[in-house]
Amino acid sequence: MKTSHYGWAMKFSLLSISMLLTSYNAIAGAMPALIKQFPEQSRTNVELLTTAPTCAMIVMIIVSGLLAKSVSDRTLVVTGISIATVFGIIPFFLTNNFWLIMASRIGLGIGLGLINSLAVSLIGKYFSGEERATLMGFRSAFVALGQATLTLIAGFLLNFGWHGPFLLYILAIPVLILFVVFVPKEPVERTSDAVSDPGDKQRVNAPVLAITAFLFFTVTMYSGVTVRLSSVITASGFGTMQQASTLLSVMVFCGMLMGFVFGKVHRLLKRQTLTLGVVFLTAACFLIYFAPNFPVLCVGALLAGLAYPTMIAYCFNKINEVCPPHSLNLCTSVVLVGCNLSIFTAPYMLKLAAMLISSEELQSPFLVYGIALTVLALGCGLWFARRQPQASRS
């Protein structure tokens, strides 16, 4: 197997960028306190504090692709992390103005959006072959590691009030330093034809659009779990906000472990790896809806934590195989836009799902999600089973 000339410090520094990508979700454990702090706002509006950054991320993912033609990747990463750090911390100092806090969350999304697609495409730029595939799996693990670590820290900072968790964004500074010190400005050699040059014409094909649609559907439901879980736990009397925050961190820690073993799971199950991810999420939604106690709800949350990186790692690995030549950056951006759009709409989808069964119970959307995912899981399983002879190419 051909390997690159880069050492562990460079790889860790590059992967560490991914630890920041879902940091907007770290404040989910503070949602009950935020709802109480802003009684004049609807639950949906307050829940948008968690997902609003994804709106700006969607725009900036597209903008970063345009800027990449005239601005270096290194400059975009440094600028993005710096913006995310500044705007992420602002709510720590703003204790009463809801809309200023919302604006700062959008600013956080702008910073994260600048680095979102680069966290994926830079791996393809610096690495190739099996080494690239391995690092793609590790990238999913680092996303989960960042979310788990930051969520756990946010839970601790809740002891200082609802505004405490926003202080955690200062931890982006070490990531910035690592990137500047250890990641070279340009790769030693060109690694893939999928990586585009400024003059290359890029396009998106049907398989990439199918991946985008699949992730929009499933990530919406996973995001619903992370947004609503704390409220379900506290309203049901299962636990406290701190316990909910801890569960969220353990949930994404499970995702980190799945990211590290994804390669082995994929070699064993081939295409059915994706089906496994959908089955995990299906079971998670049903368990959260029917949970009679905290332990059962915990099992559901942990299954959701396993589902997300399984589906994400499979789909991003697949993009490298199915995207048109010289179109990796564009295809990655399109899929990421779909993912972030689904995260942004998650609170609205929760409300819509509850309306479908005319229920006001906090956990009611997960019954609708579970039924829809059951259909999707059966569809994936049957589709891949019929195409099994081609699985060796997956």
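Any Cβ shown, glycine's included, is placed from N, Cα and C.
Whatever TrEMBL says is automated annotation, not expert-curated.
Annotation comment: TrEMBL describes 9-388 as domain 'Major facilitator superfamily (MFS) profile'.
Packing against the transmembrane segment (48-68) from elsewhere in the chain are residues 24-25, 27-28, 31, 34, 76, 80, 101-102, 105-110, 112-118, 223, 226-227, 329-330, 333, 336-337, 340-341, 343-347: each is 6 or more residues past its ends and has a CB under 8 Å from a CB in it. As annotated by TrEMBL, transmembrane segment applies to 48-68 (among others).
Summarising the annotation, TrEMBL assigns transmembrane segment to 75-94 (among others).
The feature transmembrane segment is assigned by TrEMBL to 106-128 (among others). Counting only same-chain residues 6+ beyond the ends of the transmembrane segment (106-128), those with a CB under 8 A from a CB of the stretch are 2, 4, 6, 10, 14, 17-18, 20-21, 23-24, 52-61, 63-65, 73, 76-77, 79-88, 90, 135-136, 139, 169, 183, 187, 191-192, 194-195, 316, 320, 328-329, 332-333, 336, 340.
Residues or ranges marked as transmembrane segment in TrEMBL: 140-160 (among others).
The transmembrane segment annotation in TrEMBL covers 166-183 (among others).
Among the features that TrEMBL reports, transmembrane segment is placed at 204-224 (among others).
Within the same chain, residues 22, 28-30, 32, 137-145, 147-149, 151-152, 154-155, 158, 226, 229-230, 233-234, 273, 298, 301-302, 304-306, 308-310, 313-314 sit at least 6 positions outside the transmembrane segment (244-262) and bring their C-beta atoms closer than 8 Å to a C-beta of that stretch. Feature annotation from TrEMBL assigns transmembrane segment to 244-262 (among others).
What TrEMBL lists as transmembrane segment is 274-291 (among others).
Annotation source TrEMBL lists transmembrane segment at 297-316 (among others). Within the chain carrying the transmembrane segment (297-316), a Cβ under 8 angstroms from the stretch's Cβ atoms is held by residues 120, 136-137, 139-141, 143-144, 211, 214-215, 218-219, 222, 225-226, 229, 232-233, 236, 238, 247-248, 250-256, 258-259, 262, 265-266, 273-274, 276-278, 280-281, 283-288, 291, 332, 335, 339, all 6 or more beyond its ends.
Under the heading transmembrane segment, TrEMBL lists 328-346 (among others).
Among the features that TrEMBL reports, transmembrane segment is placed at 366-385 (among others).
Residues belonging to the domain 'Major facilitator superfamily (MFS) profile' (9-388) score a mean pLDDT of 87 in the model.
The stretches the transmembrane segment (75-94) and the transmembrane segment (366-385) are not in mutual contact, being linked by fewer than three Cβ pairs under 8 Å (pairs 6 or more apart in sequence). Proximity of distant same-chain residues to the transmembrane segment (140-160), defined by a Cβ-Cβ separation under 8 Å and at least 6 residues beyond the stretch ends, is recorded for 15-16, 18-23, 25-30, 33, 167-168, 171, 241-242, 245-246, 248-260, 262, 305, 308-309, 312-313, 316. Outside the transmembrane segment (204-224), and at least 6 residues removed from its termini, the chain residues within Cβ reach (under 8 Å) are 25, 51, 277-278, 281, 285, 304, 307-308, 311-312, 315, 318-319, 322-324, 327, 330-331, 334-335, 337-339, 341-343, 345-346, 349-350, 353, 365-366, 369, 372-373, 376.
Within the same chain, residues 218, 221-222, 225, 229, 232, 236, 238, 265, 297, 299-301, 303-304, 306-308, 310-311, 314-315, 363-364, 366-367, 369-370, 373-374, 376-377, 380-381, 384 sit at least 6 positions outside the transmembrane segment (274-291) and bring their C-beta atoms closer than 8 Å to a C-beta of that stretch. Sequence-distant contacts of the transmembrane segment (328-346) (same chain, at least 6 residues past either end, Cβ-Cβ under 8 Å): 51-52, 54-55, 57-58, 61-62, 64-65, 68, 113, 116-117, 120-121, 124, 192, 194-196, 202-204, 208-209, 211-213, 215-217, 219-220, 223-224, 227, 312, 315-316, 319-320.
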